Structure formats: C-alpha cells, structure tokens
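A.B. asks: Input: one structure, supplied below.
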Amino acid sequence: MTDLSAPKSALSIREFATLRRGRKKSDWTDWLTYLYLFLGLVVMFTPVLWVAISSFKTPANLTEFPPTILPYAAQTVTVEGYDEPLPLFEVVGEDGETRQLAQLRRVGIQAQMIDPANPEERIVVPVGDATPVRQLYFATENYTNLLTSSGGQIWRYLFNSLFITAVATAITLVMNSMAAFALSKYRFRGSGIALVSILATLMIPATVVLVPTYMIVAQLGLVGNLWGVILPTVATPTGVFLLRQYMLTIPDELIEAARMDHASEWRIFWRIILPLSSPALAVVAIFSILSRWNDFLLPLVVLTRRESYTLQLALASFQTEYGVRYEILLAMTTLTALPLAFAFIFLQRYITSGIASTGIK
Amino acid sequence: MSARVQLASIAGVILSLPARLVEPAMSGIQRGLGIKRMPWVFLLPNLVAVVLFALLPVFINVFYSMSGSDRLFPWDRPFVGGANYQSLLDCTNYLDPSTCSRDLFWRALGNTLVFVPVQVICMIAIALLTAICLNRDIVGRGFFRGIFFFPVMLSPVVVALTWQWILQRNGALNGLISAAGLTPVNWLVFPNTAFFWSVFVTVWAHMGFYTIILLAGLQAIPRDVYEAAKMDSATPWRVFTRITLPLLKPVMLVVFILAVIRSVQTFDELYVLTGGGPGSATMLMVQYIYEVGFASQPRNFGLASAASLFLGLALLIFTGIQMRISRGGNND
C-alpha cells in the first residue's frame, strides 16, 4: 500500500495541506469526511490525553470542579523564621491595592498572613479577600510515590506482567510454528483431524470453559502461580492457522534439498522454515503480546495471591483500595498504558496490516 | 534496513540459544522413531495444550453443570442431574426476573440480550463509516487510521479507568456540561446513563479493530467498478448501497460474527467501569459467571458451568443462523 501522507518533493505548505490524488477540486463529501475524522480524533484521543495530563495534578487540583485543563499547584514561598514553605495568596487590601502575602494559619474566616518581604508584621485578612496564587506545576511526585510506595510492589507487578507476556509469547511462537510445520509440510494420516481439532477451539469462548480451566490449573498446583495463566493461553488456534497458511507458500524443494544434505527434520524446521516465516511470526507475536499484556479475566481467577498480580489486576484493585487516591491511580493508569503506546507508534503499520490480513480468510 | 529484517534478526538471536540443546535431542528422537512419526512429534506440544485447555474443559464443563456442592475437583462432586439448570430456569413468570430464584441470572441474560445487538450494530455502523472515510483519498490517512486503532491497544482496565475518570461527578464531561450552562449528571449512578456509557465505552475501545478489517475489505473492491458507476453518474448513496455493501458482504459477515462473539464475552471493561451496577443494570452474563463461580462464597461452580453452557449454546446457534442466512443470500 502506498503511503498517501508522505509529502512529495518540493511542495509548498499550502500545496501540501490541500494535496489530493487524482482530482483537483474538493467537494462537500471531502469536507464531511474531514469533519468526521477530526471529530473522531477528538473522541478517540482526548480521553487518553486527559488522563495523562491529569496524572500530573496534585490531589487538591484533582478534586477541583470544574477541572482545570493544565495541572496547577498553589505557589509557596519560604520565609525567614519559618521551617515550612508557606502558601502564597493574592490579597486585595482596603485601599484596593493587591499584594502577595504568605498565609501562616487560618482561623475561621480570618487568616493570619505576613508579607514575605517584611516577615515581622502580621496581617489579619478576611478569607474572602484572598485568592491562592497558582502556577503551572507538574506533580511528578505522583509517579515517584507510585514507584516507591508499599515497598516498590509495582516493580513486582511489572515483572509479573512482563514475565507472563514474554514467556507465553515465546512458547506460543515455538509451539504454534511446530504444529504449523507439521500440518503444512508433511502428508500423514490424521493430519486432517489434528487441524480440525485445533481450529475447532476457535469456536469455544474462553469464558465458557472458565471453570474447568481453573480446575485443571488447580489440579496442576498452579493457582497463584504465573505459569497458571501462561499454560492455558499458549495454544492459539489463530496462530497455528496463520503460520500454516504462510508455510504452505514456502517451496517444498528447499526441504528436499536439505534432506539430501542429511539435515534432521528439526534442523530443517528451525534453520530453514522458521526464518522464512518471520513475517507471519511477527504478526502472531504482536497478537500474543497484545492479548497477554491486556489479559484480565483468567489472571483475575487464577492469580489469587497479591505477589502474583499483574499490572492490570493491581490497577483494578487499586481502584477499590485507594479509591480516593486518584493521583496514584491516574499515574499508574498512564504507566500501564505507556509501553503499549510506544510499541504502537513503532509497530502501527505491522499491527494494522496484520489484523487486516488475518480478519479475512 | 527495514524493520522487518531487524525484527527477524533479533528474534533469531534470542531463539538460537535454547536451540543448541534441542537440536541434538530432536535428532535422537528422529533416529529412534523414524522420519514418518516426526510430524506427530512436532504436533505433540500444541495438541496436548489444545486438548488439556480447550477440548477437555468442554466435556468437564458439561459434567460440572450437572454436579453440585462447592468442591472444586470433579471426583468430590456429587451428581445432581439437571438441578442446576432447574434452578436457573425456576421462575413463576419468565418476563419478570424478580420472580425467579436466580433473578440475577435473568437480569444478566436480559442485559446481555439488549447489550449485544445494540453494541454490535452501533459498533459496526460506526466502524463502517470510519472505514469508508479512511478509504477516501485524504491527507494523513495513516495518521487517522492509527488514531482510530489506538484504543484497541489499551488494556480494558486502562480503558475503564480512563472513562471512569471522565464520567465521574467532578469529571471532565461534567466540567464541559456545566461550562455550557447545563446541570452536571451523575453518569454512572443512573441505570439508563450507565448502560449508555457501557455501550459507548466498549464501542470506543473495540471499533478500531473492525475498522481495519472493513478497510481491508473496501480496498479489495476493484476501483474500476466505481469508475463505471461514475460513468453512469450514480449518486454516492446509490454507489454505497448497490456496489460497496454487496461487495463487502463476506467481510461484513466475518466482522459481524467476530463482533457478536466478542460482545457476548464482554467483561473486563464493565467490571472495572461500573462493576455491573448501579444495582445490576450493566451486569452481563460473563460477570454473572464470574460472580457465581469465583467471587461469591460459597463458590457455585455447577451453576457457573450451567450458565456458561447456556452462553456457549446461544453463540453456537447464533453463528449457525448467521452462516445459513449468508449462504442463502449468496444463492439468490
């Protein structure tokens, strides 16, 4: 597919912005299309952006209504003779002049304030006359608190998620490609039955077999163990199907030539077929990484111990445990989404074309 | 250097490490069994996993649905016949869930029966519209394609928390609404608005996937068909109904079946977004299975299995009907 968005050489900005293929004139359907797509841009993207921005707000800023777009925090000032930094307020004086004062304490509707330039004199100001001075402030401590809080448990969750994703994907790739190799490059009795029984599992929704799957995992002694979520997910029928279709296009002469040279069957598979299948392997890998990283129901059922939680489980349990601590929750939401957002930027082309090619048989 | 080559070489390096151990072992196996049996050696790991975690569970599930008690292992469970099914179906009036002994099951079933068609139809309509827009000669097509696909990458928990943050009492949406001079609404507290947002959020999260598939389908339609229509000065609407839709039908069928199967299995987003609430207004079947079988004490595996078999059976019937209809349509 040609990339339409690529700028052609030596175009002015105006020409580029109105660049069109073929026809010269824009008609109303084009405008409607752009209107729809920009509306889509707003609806699809701003929610995520909003969470990312909000994760940099201080708890006080988060509870504000109506919410501010950018993160703000009350400005503080260190005054001689006081250990703690004091919050700064803008005060309208009796003469109508505004001054910036630091608040010492608040008593009822009166506040004791001092002028940072002249710390000796105390001024009593009605609270209504004072507005806090605010500045743009990115509360990065939300993230540092998250990373260090409760003994750095988040690193454990991150490790669990990464371990499950990496190991399950590696096993999936090896196992599926072995099966695909057998089903595409050999003629043997029972191959049809094997293929059908693998593909038949496509029709079985994971939730329908949730209880027996849990039972088998429990019988293997893997409840609360990361392997308990890895093993049930490794044999994906789509992976076998995709790889088999791809391997069918690799010429058999290659295999025969290797057999002439006394290569073992495994060597043929590992050294010849697997490297040649790398485009299909990449697609299967992306699918597997996506679904393992985002998996929720099976880990929720199997990973009962807190130490075995994945990021997704920890995030979901955060919501109930620290329901009020939105700053931590939002920081963790952003952190959980971040790896995939980066992966997406680099792999967008593969992912979208890969899905397009697997959706239609 | 292309990204594809890079990916392949990185994968190659990682995969070659255990290969050094496997290769001598596999050569030994080949010498022992002979080349004829090698395909079974290649198939074995995958077949074991498929049988153990996909085919066998279907049969065990049938037994579970016919056995009682809260014991996990089948040999500890007494056979109770159709008692679980009876308990699910025990209603004095089938149109009123509150008269059933398992009223939550009927509410979840009712919710699913409304949720699935509404969600699937909305999603496919929007995905189709988006795919058609993205199929036009527009600037920045790749960028827009990426934007619409982006939420598919996000984990359901992130999606749910994102929207919860926007929809909460002091959230961004209410901020916009009050800026427009209207009164803020507690979106997730009222059954109707909560249901609306449960549909909206799941459509938001998954439509990109179907957009990409439909886009691929649209691009497979030959351009000269459209050129010919242009010669006959057909209206855009006529082109859409007489050319695009009929030629897109096979792809639409795939998308439709995939969307229904996924929609029936919706769990994660709503579990985190609404928790099935308010009350049981957004509780769907999968959450019911989870609540009955895993979240509540004592765990009722028999009832959960019976409910999940209902779900599987309904899906099977639906897919069968869909296939039949599409085949019938093609014969006309």
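Here the Cβ of each residue, glycine as well, is placed from N, Cα and C on the backbone.
Below are the features listed in TrEMBL for this protein:
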- B:109-322: domain 'ABC transmembrane type-1' (DOMAIN)
- B:43-64: transmembrane segment (TRANSMEM)
- B:113-134: transmembrane segment (TRANSMEM)
- B:146-166: transmembrane segment (TRANSMEM)
- B:194-218: transmembrane segment (TRANSMEM)
- B:239-264: transmembrane segment (TRANSMEM)
- B:270-290: transmembrane segment (TRANSMEM)
- B:302-325: transmembrane segment (TRANSMEM)
A.B. asks: Taking the transmembrane segment (B:113-134) as reference, which of B:43-64, B:146-166, B:239-264, B:270-290, B:302-325 has the most Cβ pairs under 8 angstroms?
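C.D. replies: Counting Cβ pairs under 8 Å, the winner is B:239-264.
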A.B. asks: Which of B:43-64, B:194-218, B:239-264, B:270-290 shares the most C-beta pairs under 8 angstroms with the transmembrane segment (B:302-325)?
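C.D. replies: The listed stretch sharing the most Cβ pairs with the transmembrane segment (B:302-325) is B:239-264.
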A.B. asks: Which residues of the chain, 6 or more past the ends of the transmembrane segment (B:146-166), have a CB below 8 A from one of its CBs?
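C.D. replies: Answer is 130, 134, 172-173, 188, 197, 201, 204-209, 211-212, 268-273.
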A.B. asks: Counting a contact as 3 or more Cβ pairs under 8 Å, with residues at least 6 apart in sequence, do the transmembrane segment (B:270-290) and the transmembrane segment (B:194-218) touch?
C.D. replies: yes
A.B. asks: Are there residues at least six beyond either end of the transmembrane segment (B:194-218) with Cβ under 8 Å to its Cβ atoms? List them, or say none.
C.D. replies: 111, 114-115, 118-119, 122-124, 126-128, 130-132, 134-135, 145, 148-152, 154, 156, 159-160, 163, 167, 187-188, 244, 248, 250-252, 254-255, 258-259, 262-263, 266, 269-270, 273-274, 277-278, 281-282
